[in-house]
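**Q** Sharing a structure below in structure tokens format, with a few things to ask.
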Amino acid sequence: MAVQGPWVGSSYVAETGQNWASLAANELRVTERPFWISSFIGRSKEEIWEWTGENHSFNKDWLIGELRNRGGTPVVINIRAHQVSYTPGAPLFEFPGDLPNAYITLNIYADIYGRGGTGGVAYLGGNPGGDCIHNWIGNRLRINNQGWICGGGGGGGGFRVGHTEAGGGGGRPLGAGGVSSLNLNGDNATLGAPGRGYQLGNDYAGNGGDVGNPGSASSAEMGGGAAGRAVVGTSPQWINVGNIAGSWL
């Protein structure tokens, strides 16, 4: 809860745990010296979230709602387990431009992914992989990447020869293989590897792409899906760039 008036002194102690105004000012990121304690009103101490469990179906809308609920409070998210978007059609994380938080820090100690694209089938090319981060708050997003930030791999292209059709492999991570009416399906991708396209003699559907890479075309020249992007939108403040698969800014 932010510092409130009219009893600013007791309010800042409750918010920061600091009895001395100078120490409370540091906790509340008040940099002016000298300062009036009235400048504490509306400010909050940094909130720290620890994410220690893997989530392979993460929904960005949940995170947006939680951040909005904090108002102007800055939030630090320590990501200590792998996170994957629930669909290649949505990024793993999205930070809309109207988020009220003073700043948001991502300390990434694991791998975070856009989801891999679905493999194509018959005359259809592979589907694109999902993006990882959509940032529309500029440098209010701070990224300390000690793990991997990955766009999802594209799905492999399908093929059809005569009445025979087969599915391409899913893009890494967790992209679904293309499903054929003849049950000649592409393999689903795992967290660690893209799926293989169905092989039928000299004909084949395309393999799914690894993270940050497009899927492969089939022998019938149905193209693979485009790679998902790692970071899209406006440039964040990079504390540490680290390992990235896919385009970023």
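All residue numbers here begin at 1 and follow the chain in the order shown.
Even glycines carry a Cβ here, placed using N, Cα and C.
Below, the features straight out of Swiss-Prot:
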MOTIF     114-121  motif 'GRM 1'
MOTIF     124-131  motif 'GRM 2'
MOTIF     151-161  motif 'GRM 3'
MOTIF     164-172  motif 'GRM 4'
MOTIF     175-181  motif 'GRM 5'
MOTIF     184-190  motif 'GRM 6'
MOTIF     192-199  motif 'GRM 7'
MOTIF     204-210  motif 'GRM 8'
MOTIF     213-218  motif 'GRM 9'
MOTIF     222-229  motif 'GRM 10'
SITE      TRP7  site 'Interaction with the fiber protein p37'
SITE      TRP20  site 'Interaction with the fiber protein p37'
SITE      TRP36  site 'Interaction with the fiber protein p37'
**Q** Mind checking how the motif 'GRM 9' (213-218) divides into helix, strand and coil residues in DSSP?
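**A** Helix (H, G, I), strand (E, B), coil: 0 helix, 0 strand, 6 coil.
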**Q** Tally every other Cβ atom lying within 10 Å of the Cβ atom of TRP7 (site 'Interaction with the fiber protein p37').
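**A** By my count, 11.
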**Q** Are the motif 'GRM 5' (175-181) and the motif 'GRM 10' (222-229) close enough to be called in contact, which here means at least 3 C-beta pairs under 8 A that are separated by 6 or more residues?
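**A** They do not touch: fewer than three Cβ pairs between the two stretches lie under 8 Å.
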**Q** Can you count helix, strand and coil residues in the motif 'GRM 7' (192-199) using DSSP?
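**A** Summed over the motif 'GRM 7' (192-199), the classes give 0 helix, 1 strand, 7 coil.
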**Q** Round to a whole number and give the Cα-to-Cα distance in Å for the pair TRP20 (site 'Interaction with the fiber protein p37') and TRP36 (site 'Interaction with the fiber protein p37').
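**A** Here the two Cα atoms are 13 Å apart.
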**Q** Might you confirm whether the motif 'GRM 2' (124-131) is in contact with the motif 'GRM 10' (222-229), defined here as three or more C-beta pairs under 8 A between residues 6 or more apart in sequence?
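**A** Stretch pair touches.
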